[in-house]
Amino acid sequence: MGEYNGVQYVEVDERALPRLDSFNKVSLLPLIFLIFYEVSGGPFGVEDSVSAAGPLLALLGFLIFPFIWSVPEALITAEMGTMFPENGGYVTWVSSALGPYWGFMQGWMKWLSGVIDNALYPVLFLDYLKSAIPVLGGGWPRVLAVLVLTIALTYMNYRGLTIVGWFAVFLGVFSILPFVVMGLISIPKLEPSRWLVVNLHNVDWGLYLNTLFWNLNYWDSISTLAGEVDNPKRTLPKALFYALILVVLGYFFPLLIGTGAIPLDRDSWTDGYFSDIAKMIGGVWLRWWIQGAAAMSNMGMFVTEMSSDSFQLLGMAERGMLPEFFSKRSRYGTPLIGILFSASGVVLLSWMSFQEIVAAENFLYCFGMILEFIAFIKLRIQYPAVSRPYKIPLGTVGSILMCIPPTILICVVLALASLKVLLVSLAALLIGSILPPLLKYTEKKGWLRFSTSSDLPDLFAANHETTQSLVD
């Protein structure tokens, strides 16, 4: 599974990476909307925050939480993603700092959490449509709808990342526009006192934090597409900045409208409630528009998440962590085997409920983020003078302090997990821990072939006294 015998790494020169000039690269605007859909896709799915904690805490959560979690994660992604502009993304970061075993574990946890996350979008898609098409509420019609949707969107991923990127731009505009219209219509109906309603004795903290966490994470997912981005060292930080603004506004203002324009009924604030709010504010036509926007938004989140998951598998194969066949590309430049694996996982997990999916995904994602924080700090300490195209304007102490609040939040999310989620997640971690020796055994027996791409920079060559170091 690749010969990694040390931890000395050499300069990641973007010119040394395989450019695949026959395929179009992703430019700034599509990249912004790819990040938007990796993280958000609009306010669909935030309704539980009001149900769990009421209007005031929901609004404050989506204003304050980004500074605790989203900003640090986006900054680390910008620095590390430009330092390692290849499709391995966060797998490469962790491998370079902690070694190949932990790099593989990072890849396993992040890929699995991504697939679990993607299994949610057909559920949300059908939840928004079932009020208009009741037959989709359950049974074989719902199962068939999940399969058809998964196959159709998987084919779009197969056709190319640039198609997915521009599709995300179109979907983003279509999904945001009805909330702009709803906001304008709602102005005469707004009552600011409704925003201040809070009852600290009636807060479901587990649901509240899981909803905030799920809706504001996954900023690092775009790193697994860095090898497909046009001039990633300049484009990636800009795209993360603009996407952060778009995501926060895309959550806060719809919540401001929904909680301020209609009387509060916390029990009604569940998945799909924004379409009911639209009907109360603007009529049936606006409800249909919101439902269509929600359906399209879930399509956007599905295709972007699958792109990141499948390209991550390609990047791991190029680093010798997975069998060589994962690195093979289709004629459109897409990782065919990775797409098929990710799609299969979505279908297998689509039976889970919304809350189960969110809790299980958050639990696994937390472990991966802990490894990312450790890798980021370790590389800052060991190689402070390394060339970083984008560098967070904080020293070593500042970098450590920046990671403390999100780490505390991770511990809280883990502590609030149910026993069922805990057992399932620990079982997944156990499976991941035994995969590296099993894969090594298949390589030794000659059953599977592993190789490291010669076009990628050597991150783990031993005794590099004569090799150019990252340290300038």
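Counting begins at 1 with the first residue displayed.
Every residue gets a Cβ built from N, Cα and C, even glycine.
As given in TrEMBL:
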| type | residues | note |
| --- | --- | --- |
| TRANSMEM | 52-69 | transmembrane segment |
| TRANSMEM | 90-111 | transmembrane segment |
| TRANSMEM | 131-156 | transmembrane segment |
| TRANSMEM | 163-187 | transmembrane segment |
| TRANSMEM | 207-227 | transmembrane segment |
| TRANSMEM | 239-264 | transmembrane segment |
| TRANSMEM | 332-350 | transmembrane segment |
| TRANSMEM | 362-381 | transmembrane segment |
| TRANSMEM | 393-415 | transmembrane segment |
| TRANSMEM | 421-439 | transmembrane segment |
Self-check item: Residues from the same chain, set at least six apart from the ends of the transmembrane segment (393-415), whose C-beta lies under 8 A from its own
Solution: 68-69, 72-73, 75, 209-210, 213, 362-363, 366, 369-370, 373, 376-377, 380-381, 384
Self-check item: Interface check, the transmembrane segment (163-187) with the transmembrane segment (421-439), three or more C-beta pairs under 8 A
Solution: no
Self-check item: Interface-richest range of 52-69, 90-111, 131-156, 207-227 toward the transmembrane segment (239-264), CB pairs under 8 Å
Solution: 52-69
Self-check item: Residues from the same chain, set at least six apart from the ends of the transmembrane segment (52-69), whose C-beta lies under 8 A from its own
Solution: 46, 194-199, 202-205, 207-208, 211-213, 215-217, 244, 247-248, 251-252, 255-256, 259-260, 264, 266, 405-406, 409
Quiz item: In the same chain, who gets a Cβ under 8 Å from the transmembrane segment (90-111) while lying at least 6 residues past its ends?
Solution: 1-2, 4, 7, 9, 80, 83-84, 220-221, 223-224, 309, 312-313, 315-316, 319, 321, 342, 364-365, 367-368, 371-372, 374-376, 378-379, 382, 428-429, 432-433, 435-436, 459-460
Exercise. State the residues, same chain only, that lie 6 or more residues beyond the ends of the transmembrane segment (362-381) and have a CB under 8 A from a CB inside it; answer 'none' if no residue qualifies.
Key: 73, 76, 79-80, 83, 90, 93-94, 96-98, 102, 105-106, 109-110, 112-113, 116, 210, 213-214, 217-218, 220, 396, 399-400, 403, 406-407, 410, 413-414, 417, 421-422, 425, 428-429
